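If you look up TrEMBL, you'll see 58-76, 88-108, 151-171, 192-213, 219-238, 250-266, 278-295 marked as transmembrane segment.
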């Protein structure tokens with residue numbers, strides 16, 4: 001075959017592009033980088049990515065899409081404080097911005113104009129970091145074979161963040177100017193300024209840690225949602241079910257944490273075996289219930305007073 005005649009193609013991600021196909025005979029180019037949207041097969045030939053993302057890939061993309069939205073909501077809440085009723089409208093606008101950005105990102109990805117994407121399968125962690133596997137056959141010249149082996153899971157996140165930023169700059173300043181009358185002039189745009197800081201941070205995070213996040217995100221979701229729920233409940237001085245029901249906002253925060261819990265559990269189990277994995281979702285309210293049942297025993301003032309009585 002044509003593959004055997006040519007010299008070996010070195011490097012983990014170097015491949016030969018198919019120049020022409022004549023019946024069952026293919027002609028190949030030199031060993032080098034695969035074009036965008038292709039990756040090497042076991043014979044070191046660049047092949048078009050014709051698969052579609054599996055459930056875990058979509059869950060990963062969902063997680064990366066949620067990050068800016070959760071940060072938007074956090075900073076809107078943080079800076080609107082108790083003075084402003086405009087927070088809800090800003091929350092809805094942030095959700096609208098991120099949703100539109102996600103839809104537009106899918107529409108501009110290959111195949112253009114459709115809400116589905118074609119992709120290559122992720123086989124191992126090194127697929128995310130092809131730039132680290134450029135071979136040096138004679139230890140002097142490096143053959144550059146850096147390409148997106150996990151097409152398009154790496155770059156689609158950057159495109160999405162760019163659209164998020166564009167839609168935020170188009171919509172939010174106008175909205176904030178109109179509705180945020182309760183806030184001082186300097187406080188008004190602080191949630192937008194915060195976004196201008198966290199988007200570059202998220203971009204660097206994806207650039208450096210994309211592959212690590214791909215494998216670790218279900219556990220990150222679970223740990224973060226547990227920690228933030230505990231911090232929120234202690235900061236809001238929630239110690240009983242009655243405290244939760246006093247304000248609707250507390251219930252909204254609780255249910256949103258439960259949704260994150262469920263997302264983390266689904267991502268870990270991938271719901272491969274429904275009869276085995278669905279009962280795990282019953283664990284979602286467990287941390288909150290445990291907190292509420294034990295909060296009164298861990299009240300610092302009570303521990304101090306009991307310690308004082310003991311002496």
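Glycine too: its Cβ is placed from the backbone N, Cα and C atoms.
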With the cut-off at Cβ under 8 Å and a gap of six or more residues from its ends, the chain residues touching the transmembrane segment (192-213) are 60, 63-64, 67-68, 71-72, 75, 78-79, 125-129, 150, 153-154, 157-158, 161, 164-165, 168, 172-173, 176, 220
Per the Cβ filter (under 8 Å) with a sequence gap of at least 6 from its ends, the transmembrane segment (58-76) is approached by 87, 90-91, 94-95, 97-98, 102, 153, 156-157, 160-161, 164, 168, 190-191, 194-195, 198-199, 202, 206, 213-214, 217-218, 221, 263, 266-267, 270
